[in-house]
Amino acid sequence: MERDEKDLNCDLSAKTVDSDKNVNDKNKKYIACEICGQKQLLNEKHVHTDTKEKQNPYVECNKDFSDKRSLNGRFQTRTKEKLFSCFLCDQKYSRKYDLNLHLRTHTNEKPFSCEVCNKFFSHKSNLNTHFRTHIKEKPFSCDVCSKKYSRKYDLNMHFRTHTNEELFCCDVCGKKFSKKIDLERHYRIHTNEKPFSCEICHKDFSQKGNLNTHFRTHTDDKPFSCNRSGKCFSRKCDLNRHHRMHIN
């Protein structure tokens with residue numbers, strides 16, 4: 001008996017199909033690749049290691065990844081899901097890598113050393129930024145005034161002087177600052193906090209810069225010199241005062 005191709009029915013889904021081939025395909029068992037989602041027969045091999053093709057598109061940012069682990073890390077970053085918690089201070093991070101970097105703030109581990117001055121750093125990025133001070137490299141330039149900086153952070157802070165952007169406000173007196181660190185320094189005026197102590201005479205200071213200036217009174221270090229008279233000073237303000245004598 002000749003059958004009409006349009007009347008073939010699949011026993012599994014009771015869905016009308018177009019041919020015998022479609023019925024046979026319906027009964028085959030397929031599995032989906034955990035990495036790229038591509039379907040293949042159960043007994044077929046599906047390998048990514050040779051081609052290393054990036055087949056994990058992340059639909060929100062359109063970025064591709066070569067493995068599922070990288071995709072999961074990206075997904076946690078995009079969704080701000082913070083699964084990794086510091087056991088010392090409960091700070092949380094979306095990536096284990098960031099948690100490991102943070103832990104160095106507790107252990108004071110500084111595995112990266114400057115080959116010029118032997119100063120140590122906890123993060124390689126901090127070493128790279130520091131190294132620019134030796135070679136005078138300033139790759140970040142202001143689009144408005146062309147002033148250059150060795151750190152992108154410093155450029156961003158500088159740019160606020162053009163936009164008059166003040167993001168950080170003192171909740172005591174209402175004074176505003178463009179940088180968080182300036183707000184923190186200012187806030188010590190209200191709290192009288194002096195976290196910086198001289199290791200020689202134990203005098204306390206609210207600003208680290210003031211401690212450094214004070215410390216020179218013990219070492220007799222005078223890094224600021226007049227280019228006219230050659231006289232040296234321990235404080236820059238004293239040098240500026242001395243300069244006025246030449247002007248007057």
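Backbone N, Cα and C define each Cβ position, glycine as well.
Quick look at what TrEMBL annotates:
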DOMAIN    84-111  domain 'C2H2-type'
DOMAIN    112-139  domain 'C2H2-type'
DOMAIN    140-167  domain 'C2H2-type'
DOMAIN    168-195  domain 'C2H2-type'
DOMAIN    196-223  domain 'C2H2-type'
DOMAIN    224-248  domain 'C2H2-type'
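DSSP places the residues of the domain 'C2H2-type' (140-167) in helix, strand and coil in these numbers: 12 helix, 4 strand, 12 coil. Mean per-residue pLDDT, taken over the domain 'C2H2-type' (140-167), amounts to 83. Residue counts for the domain 'C2H2-type' (112-139) by DSSP state, with H, G and I taken as helix and E and B as strand, are 12 helix, 4 strand, 12 coil. Residue counts for the domain 'C2H2-type' (84-111) under DSSP, split into helix (H, G, I), strand (E, B) and coil, are 12 helix, 4 strand, 12 coil.
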